[in-house]
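Engineer: Below is the structure I would like to discuss, written out as structure tokens.
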Amino acid sequence: MSESTVYECLKYGNENINRALEALRAGKMIQIYDSDSREGETDLVIPAKVVTYTDVKWMRKDAGGLICVAVDPVASKQLKLPFMAELVREASKTSDSLGEVVEKDGDLKYDSHSSFSLWVNHRDTRTGIPDIERALTIRKIGEITEGSLSGNGVRFGNEFRTPGHVALLRAAEGLLDERMGQTELSVALARMAGITPAMVVCEMLDDESGKALSKEKSKEYGKDHGLIFLEGQEIVEAYMLWTGAGC
Ligand SMILES: O=C(CO)[C@H](O)[C@H](O)COP(=O)(O)O
Ligand SMILES: [Mg+2]
Ligand SMILES: [Mg+2]
């Protein structure tokens, strides 16, 4: 599909969305705020396939949250990425202690369930934590997601080991119909942008308050650093238009 066709589909969408799609296609960082009624957090977001160690450093120093990779639901199933909660629930059948600690309905005040899957390192890393090694793991997650969606019969375990230092987030099967965290919001944007739907997300935290950076301060940061700031609702609306328009 040509780029203009995609934009044509979104011509009634909002310009902020189109600029964000353009930035993601160019491998640039953007910001996504979920909603006041959910986490109330802003993440730095960048496509996994193109991440460099300086991007990891940027997220580590300026955002400070957990550097994760959100993976498209179709690829997650193809790669057999489990939900961590399901894995622990299964293991708890033979371990009482795990049964007490596993995520249960109602545990999360802001959503029905977490999107955490495995925490991994690429097999070519040593300890897995240096920025340069996390960038390798992240890029390789982007590549294997692309390979999986292209039907290349890739095997996740051939390239990655767990536990590791990059948290995978498995997007809900129903995507935004089911869940509206940055996991699903970032993957929906990747689909609209026509890029590999494996997206790095990292929460922005506030050094002064010890809390998540406020929406206002996150917007200010975005203005100072030339980042597009999107709110979840505008992504949901654009994605409905995009899927409905048969783009
Ligand atoms: O918890 C998280 C992983 O560090 C972050 O909130 C991230 O935004 C993805 O999770 P979610 O989809 O629940 O927002
Ligand atoms: Mg979270
Ligand atoms: Mg979040």
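Using the three backbone atoms N, Cα and C, a Cβ is placed for every residue, glycine included.
Okay, so TrEMBL annotates it like this:
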{"type": "BINDING", "residues": "ARG38, GLU39, ASP43, ARG179, MET180, GLY181, GLN182, THR183", "note": "D-ribulose 5-phosphate binding site"}
{"type": "BINDING", "residues": "GLU39", "note": "Mg(2+) 2 binding site"}
{"type": "BINDING", "residues": "GLU39", "note": "Mg(2+) 1 binding site"}
{"type": "SITE", "residues": "HIS165", "note": "site 'Essential for catalytic activity'"}
{"type": "SITE", "residues": "GLU203", "note": "site 'Essential for catalytic activity'"}
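Could you place the listed features in the three-dimensional structure?
Structural biologist: The 10 Å shell around the Cβ of GLN182 (D-ribulose 5-phosphate binding site) contains 29 further Cβ atoms across the protein chains shown.
Taken residue by residue with DSSP, GLU39 (D-ribulose 5-phosphate binding site) is part of neither helix nor strand, so it is coil. Around the Cβ of GLU39 (D-ribulose 5-phosphate binding site), the same chain contributes TYR110, ASP111, GLY181, ALA212, each under 8 angstroms and 6 or more positions distant in sequence.
All protein chains considered, the CB of HIS165 (site 'Essential for catalytic activity') has 16 other CB atoms within 10 Å.
Cβ contacts within 10 Å of GLU203 (site 'Essential for catalytic activity'), excluding its own Cβ and spanning all protein chains shown: 19.
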Engineer: Return one of helix, strand or coil for ARG179 (D-ribulose 5-phosphate binding site), based on DSSP.
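Structural biologist: Assignment for ARG179 (D-ribulose 5-phosphate binding site) reads coil.
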Engineer: Identify which of the following binding-site residues, namely ARG38, GLU39, ARG179, MET180, GLY181, GLN182, place a Cβ less than 6 Å away from any atom of ligand 3, and list them by sequence position.
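Structural biologist: What lies within reach of ligand 3, judged by Cβ under 6 Å, is GLU39, GLY181, GLN182.
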Engineer: Calculate the distance in Å between the alpha carbons (Cα) of THR183 (D-ribulose 5-phosphate binding site) and GLU203 (site 'Essential for catalytic activity'), and round it to a whole number.
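Structural biologist: Cα-Cα distance, THR183 (D-ribulose 5-phosphate binding site) to GLU203 (site 'Essential for catalytic activity'): 12 Å.
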Engineer: Using the Cβ centroid of ARG38, GLU39, ASP43, ARG179, MET180, GLY181, GLN182, THR183 as the reference point for the D-ribulose 5-phosphate site, which residues of the same chain not in that list have Cβ within 8 Å?
Structural biologist: ASP34, GLU41, ASP111, SER115, GLU184, LEU185, GLY232
